[in-house]
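Asks: From TrEMBL, here are the annotated features:
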type: ACT_SITE; residues: Cys358; note: active site, nucleophile
type: BINDING; residues: Asp262, Asp289, Asp305; note: S-adenosyl-L-methionine binding site
type: DOMAIN; residues: 144-427; note: domain 'SAM-dependent MTase RsmB/NOP-type'
Amino acid sequence: MRLGGRIQAAIEVLQDMESRNRPVSVALKDWGNNHRFAGSGDRNAIGNLVYDALRKRASTGYMFGGEDAEALIFGTLLRQWGMSLAQIQEALADDKFAPEIPVARIEAASQKDLAFMPSEVEADVPAWVSDHLEEAFGDEWVEEAKALAERPPLDMRVNTLKAEREKVLKQLSKQGAKPSKIARQGMRISAKGGASRMPNVTAEPAFQKGWFEVQDEGSQIVADLVFAQGGEQVFDYCAGAGGKTLALAATMDNKGQVHAYDADKQRLAPIFDRLKRAGTRNVQVHAADAEIDHLHGSFDRVVVDAPCTGSGTWRRHPDAKWKLTEDQLESRKLEQAAILDTARNFVKPGGYLCYITCSIFQDENEDQIYAFGDRHDDFDLLGAGEVWEELFGTDAPKPWTTDFNCVTLTPRTTGTDGFFFAVLQRLK
Ligand SMILES: C[S@@+](CC[C@H](N)C(=O)[O-])C[C@H]1O[C@@H](n2cnc3c(N)ncnc32)[C@H](O)[C@@H]1O
């Protein structure tokens, strides 16, 4: 396919997503199934166009006077793919699959006065979200939000149970993998622009052999901040598909025990294959409440990687940014408080309760921790900032922190997805 056909396809995917209220991944997959002739390069380019368009939906819509699919896709070519109108015209000339170029709209958008663009539009977030971001980041909230509207890199974590980072980096050097700036076992392939493709690293023999996992650097860092030590008893209470479980087991060098539990069996299901491939021998998986009741008061560390709005992952899931509602945020907050209150029972006296979210909203983060402290005076909030310096030194990029206790990672500060980490110690 030439660029014209790809543009037309991206417009159709956005329209389909909108009219049938479907996730972007489903609309893209459906388009692929209905257009079997399209090669992987075409699918990738169409996906890039659609995801980039969603990342800056509000600001592009503002420039074009509407958030319709035509405006968003041509706006993406101009703003994010760096093409001029003349270049677009040249690329689409004599392409019978190309849509008509909205020349007048593009010219008007290029001349639009942006001086009065509302902050939430510049930030590319829903209007109701701006208060939450301002609460979290003060005057810097727009810059923080803008960094969440950029393309993310591909991050991987080396599985130290099977390989050393140097060795895996060598294997992936052709793909452009470099050591991460913060995570000690991290590797990164940076995002490039336009129709560029991320390599399919899971097809690499090194992945099949379990030498590395695909995991955002922020997720690796918060797993590291748990500070699990070999020989300890650790409970991953919201284990999901096991991203943190695998990282914890590797940090502990297969010594001690990691117990992995999730209230949702379906989410837990992939963990078994992943554990096998990674060569972990110290993980017990629990899919039923009855299996964990007797574990009260027995853990050195309990990790609550809580269900949340996922606002820290909007670079990777830009459609979720526009679908999130205040009601959903309120529901997540109630769940988080209830899970913390239950999970604390598993911590032994002197042990630690680690709270993680992939959200950047204070109401899901600091506010939850301070409210938990008010409800339970047998827990003390410790300084995660000190653990940070011990693990990553003082030269690495620093997270956002208001009090040196709780830390918030963001694309702008740490170059990672947005994550929150806090640790409390059980006193008695
Ligand atoms: C952020 S995800 C976990 C991601 C996972 N730890 C990882 O690193 O890949 C949150 C998980 O919490 C689980 N969850 C929701 N409510 C729960 C509850 N009441 N008890 C335990 N887990 C719960 C969800 O099923 C979901 O898998």
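The backbone N, Cα and C atoms fix where each Cβ goes, and this holds for glycine too.
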Asks: For Asp262 (S-adenosyl-L-methionine binding site), list the number of other Cβ atoms lying within 10 Å of its Cβ atom.
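Replies: So the number of other Cβ atoms within 10 Å of Asp262 (S-adenosyl-L-methionine binding site) is 22.
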Asks: Can you list which of the binding-site residues Asp262, Asp289, Asp305 have their Cβ under 6 Å from some atom of ligand 1?
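Replies: Once distances to ligand 1 are taken from each Cβ, Asp262, Asp305 fall under 6 Å.
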Asks: So, in DSSP terms, is Cys358 (active site, nucleophile) helix, strand, or coil?
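Replies: Assignment for Cys358 (active site, nucleophile) reads coil.
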Asks: Determine, to the nearest whole angstrom, how far the Cα atom of Asp289 (S-adenosyl-L-methionine binding site) is from the Cα atom of Cys358 (active site, nucleophile).
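Replies: Counting only the Cα atoms, the answer is 25 Å.
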Asks: In whole Å, how far does the CA atom of Cys358 (active site, nucleophile) lie from that of Asp305 (S-adenosyl-L-methionine binding site)?
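Replies: The Cα atom of Cys358 (active site, nucleophile) is 8 Å away from the Cα atom of Asp305 (S-adenosyl-L-methionine binding site).
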Asks: Taking every protein chain in this structure into account, which of the binding-site residues Asp289, Asp305 has the most other Cβ atoms within 10 Å of its Cβ?
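Replies: Selected residue: Asp305.
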